[in-house]
């Protein structure tokens, strides 16, 4: 640790987000946080390289306009530290832990450095366990692993945000766990919308006029598109640090990253400014290392778990691009949202044939769950294969067996829809959390033909199969 006398350095060069600082004597360690004043505001820099004997190259966490050569910079002697604990819930903070929602300072339990070691092998839990989300289609066909990493794919307007909100809501209700949302390099407007939607759907209390009946369940950390690459490259770590603190207190935490591609993109911008020779497609040479350092910290320990849901943008829809390809290596499950399903009015618009999970194995979920999931996929796959024939020749040309398959598949499709708690304000129908046993029982009955007598409409936007039967009776009574 440096003494006070040699903790002061001076700016020698500013190139965009990269600042060189000269220190007399003791050099700050790599990843140390340096501080200076810029137009009355605190500007934080993070040491990235040592150049020669007395100069360090640092990355700015905010804009560097207004910095001048010769300006004083202080070495804090530690990495960037951010507030953690329940005081962060319902608040929006930035990469360096400052509140940006204009609701006063964050009442934190303590602070924690954003750079942490991944948990050791001895601390990690080895049991494969499912995180029940209460969302039928996810729990049946692409179940999430506790402490796993899930990739969320979907275009604009197919319901990613609503699905994320429902997951936050359900994890809080079913597991008593908190969530952390890291907005990495996305639109500021979307972050603002999300913040207000969380308050409207009672996921969070409004910090400006708190409602005592609403308890905040989610902390928000933002480093948006307009921010310098330093902030975007580190904001995911800030969010993860808050999540790790909740996990170490014995909770099952959900950690959302929107968007993991922007984390890589920011790393690539910083890398070029630091003068590193780029690798494939112009990405940073340390692409896999950076991604690994983040992803390896997301895991289940003997105390609790962090389950991460990561929205993944695929540049030009090219899955072989190094950025998405590197993130795929870490995923345990993928949830793909499909526009064609959303167009049918089936929400959540999860594609049952395109979403996958490593947990869907008889050894983890049990024989019955596995068999039902495979039967459901088989029925849907057969329906998909028959769609061309139906489009050209019509339903009448199908064999009796195929007609039955199509009828069941359409019921299965509709039964995969379900009303969400967070969408109650738009739909007017109360949300449903469906237990795993009820989900398996419902789909098992459907594919076995127990409910062939019920109309399709009975299965649309209900929770359990019992509700579908009730709805079927109601529809029959209305028709009569």
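The backbone N, Cα and C atoms fix where each Cβ goes, and this holds for glycine too.
Record features (Swiss-Prot):
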- 154, 155, 156, 157, 158, 159, 160, 161: ATP binding site (BINDING)
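Features recorded in Swiss-Prot, as mapped to the structure shown.
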residue: 154; record: ATP binding site; Cβ contacts under 8 Å, 6 or more apart: 160, 311, 336, 337, 338, 349
residue: 155; record: ATP binding site; Cβ contacts under 8 Å, 6 or more apart: 337, 339
residue: 156; record: ATP binding site; Cβ contacts under 8 Å, 6 or more apart: none
residue: 157; record: ATP binding site; Cβ contacts under 8 Å, 6 or more apart: 342
residue: 158; record: ATP binding site; Cβ contacts under 8 Å, 6 or more apart: 337, 338, 339, 342, 349
residue: 159; record: ATP binding site; Cβ contacts under 8 Å, 6 or more apart: 337, 342, 347, 348, 349
residue: 161; record: ATP binding site; Cβ contacts under 8 Å, 6 or more apart: 190, 193, 194, 197
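Within 10 Å of the Cβ of residue 160 (ATP binding site) there are 20 other Cβ atoms, across all protein chains. Taking the mean position of the Cβ atoms of 154, 155, 156, 157, 158, 159, 160, 161 as the ATP site, the remaining same-chain residues with a Cβ inside 8 Å of that point are 337, 342, 349. In the three-state DSSP scheme, residue 160 (ATP binding site) falls into the helix class.
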